[in-house]
Amino acid sequence: MAIKKVGILGATGTVGQRFITLLSDHPEFKIAVLGASARSAGKPYAVATKWKQSIAMPKEISQMSVKACDPKEFSECDIVFSGLDADFAGEIEKSFRDANLVIVSNAKNYRREPTVPLVVPTVNTDHLDVIKYQRQENKLDRGCIITNSNCSTAAVVVPLKALQDAFGPIAQTNVVSMQAISGAGYPGVSSLDILDNIVPFIGGEEEKIEWETRKILGSVNSTISGYELTDNVVSAQCNRVPVIDGHLMCISVKFAKTSPTPDQVREVLANYVSEPQKLGCYSAPKQAIYVFDDSTPDRPQPRLDRNNENGYAVSVGRIRSDSIFDIKFVSLVHNTVLGAAGAGILNAEVAVKKGLM
């Protein structure tokens, strides 16, 4: 397979930096262009950014000249990954698609568009098939927009997908989140607000989980031109907690028909295999869902489990019967890997494998 040249929009931000760490030694994708704001354009990357990752900035990246977020600067790229903030992403990403470029976006702006795939790679890569209709609709032969989910949504939909496939439709889902501060970007939440504290509000977050879950767990329509939302009714309450990385979610599920036992749920989750695994994608986890049994009742924990499978796995524990719903459990996702940049990369890997780009 020929190596794909890729670009990164918002390369100096938190998500952009995570894209760089995950792509710097990727065997199939090579970083060709870094894009950021006008004040960063023209500067060496090492000068333009405040590097906040736990591993060193790759040497070959540090001296790359940052470009403006202009499609002309990215014309050589096969794929452009966007880590842009939603305040800027809408117009810029559309201009890239209109220039016949492939955009894989972490921003919320196009997630609700009828012909734009909203994909968590270990859940619903079949939704990528609608790319063909999106191109037809916009009279493009190559350009398109693909979005990945909100970071917290990923922790919800991966286990729900496995359960839905095994036990049939889910009627109701209740979610209470404990979300890491890196989800707010840099500089993010003030230390005076988060130290010795929990903030029981994250603007827009609950609505994202409630709606995105229904699109992701839904299906492609009969004409492969859009999506049918699932009937699952989702209620979410979101909290910011003093953890750097890793969103922990307490989830309760009521099924429309079958009510499985905790042991049945454990078995289904442990044996779940996603399409990226079947396709042999480079970034695909060997185990999509890590399952903790009753011998480890205090897991998963962000500090101990967020890096399972290099952050591409979801970890699930405390699986129990629920007196109001049917089943309850705790789910953990690395919010900047499977919940952000990693999802975009794995989505692109799947799209390449399927001949969609």
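Glycine residues also receive a Cβ, built from the backbone N, Cα and C atoms like all the rest.
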Swiss-Prot annotation, phosphoserine - which of SER54, SER65, SER235, SER323: SER323
Identity of the NADP(+)-site residue among ASN310, ASN335 (reference: THR12, GLY13, THR14, VAL15, SER37, SER40, LEU84, ASP85, GLY183, source: Swiss-Prot): ASN335
Cα-Cα distance linking SER323 (phosphoserine) and CYS151 (active site, acyl-thioester intermediate), given in Å to the nearest integer: 29
Other CB atoms within 10 A, centred on CYS151 (active site, acyl-thioester intermediate): 26
In three-state DSSP terms, the structure that HIS247 (active site, proton acceptor) belongs to: strand
Cα-Cα distance maximum in Å, computed over every pair in THR12, GLY13, THR14, VAL15, SER37, SER40, LEU84, ASP85, GLY183, ASN335 that the record assigns to NADP(+): 26
